[in-house]
């Protein structure tokens, strides 16, 4: 007892908070010092996150033994508790990895574009980690707000007309969503009398039929607040504009912010309305399924219609969200496991793509973005045939790296073999078609076929749009100058894509982890028992 | 009393939502303020309305029914602080947008 590792669960929250607060004392002229502190803190966060995942993976899936941490050492239903099960630990690790990649990228240029970038960056990490780790509904709201407040600052980082205009909408939408969050949480408290998620899940089956409508109304309002964050179809119109307007490293980190909404929906719908929740079991799943399908369709059409590559990336975020929401609605262990794999893979890929987009912008000619969609319609002829003398031009190294990275991104986002995007989609589709396992033949309903069709269509749309972008970027706008790309800008992209490739190669162990995480999610009894019986960190000595 | 509180919350929400959908940034921020007042009252109401009951144990009585539920009051306090900070933040964005676009329309241009 007494070691730092006893407090491992809270470290991913305390560390960014301390680092962010310390950096507030430095003037922006000491940007190098801030960069060093920020880098050190984020690197340490990666270490803690890895330890957390090891700790979470070490425990047995069937008996549970989720890592818990009662804040202020209050016994569980009365105080706030932090919970690190496999899913939460995985999300914290994902956040840390994205954080360090986005940070390294930003050190090339972006961190100097506005004040307090480094502090806001750490506070965003704090909010994200807190949202993933907390086991209390109202504490989730607080961490959401920490995350959002930092994200408002970061979305406006670098200022400029487009960012401020998009930021205004972003702030307004999220403030309204926060009101809904509070209404939902208050309704649930009013009915169930608790805000602790595990306690809530234990009490839901016992709620009287006359109060059940109120509880479900509260959960639905709460769900709408999460779905705004996740960008589900009628609620996600703010997303592509905001993400396209944000600076590249910020957008790369924002790629996980939609996943916070998805995470909350996944966690709460399986915990509170999962098996063993009595009359309310499966509440809202139909809505999630059709909403997710609509999001996929809207995202795929948006991907095809985007005139700028950054917007295209924003619509890829929507497709990813929609896929995850629809997969959540299945309530099937296999589908959930595939969805978790897809979550990690698509977040890494989209994040890398956001970083890559900015590098691509530098090597393309002016207006190529707008032409990309309309060029085919005009049937433009190649009139520059007199430039064939350039046969001796060697493709510069940087350009080759960029185009290979782009190619990997396309494979990941479109879900083509052999990379992890394909494996994730394949796992999901296989589990959807064989809901009872591979041995028994299960019935597949019509909506499943629609979802499968949409999933394949969205991959196809991404393939068309990205191929078009690639052709217009690499083949039509080649300049004689070597691509102006620095090593610390391309390295994070390569790390993110390398992780996806590693996930494809190590698919067995990774998938094993996801399977156990999904199994634990679908059997919330273990989670509930673990949290409610959470031991205090240090035994309080009675006087 | 319940009826008055309920009507109050309803009126605040109605006005808040109406203003939130208006095209001027100032109307939007007032709408968000009204909405957050409504939400705060709503959270308060979720702890059940009680008269002459303290939320803090004072040692005078051990009977729990003599006290009102303290949790929603703590939640309201947090929600007020956060809502206030967010409103201030939105005000900054609003002013920046006004300065950069030269108009107070939420889309940055008059239609």
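Note: Cβ is positioned from N, Cα and C throughout, glycine not excepted.
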Which residue range, A:61-79, A:194-212, A:213-231, is the one TrEMBL calls transmembrane segment?
A:213-231
The transmembrane segment (A:487-507): which same-chain residues, six or more beyond its ends, come within Cβ distance under 8 Å?
97-98, 100-102, 104-105, 107-109, 252, 341, 344-345, 348-349, 351-352, 355-356, 359, 398, 401-402, 405, 408-409, 412, 418-421, 423
Apart from its near flanks, which chain residues at least 6 from the ends of the transmembrane segment (A:168-192) lie with a Cβ under 8 angstroms of it?
137-138, 141, 144-145, 148, 152, 155, 200, 203-204, 207, 211, 214-215, 217-226, 228-229, 238, 241-242
Can you tell me which parts of the same chain pack against the transmembrane segment (A:237-257), counting only residues 6+ beyond its ends and a CB-CB cutoff under 8 A?
91, 94-95, 98-99, 101-103, 105-106, 110, 113, 121, 124, 128, 147, 151, 154-155, 157-158, 162-163, 165-167, 169-170, 173, 229, 231, 302, 306, 308, 310-311, 313-315, 317-318, 347, 350-352, 354-355, 357-358, 492
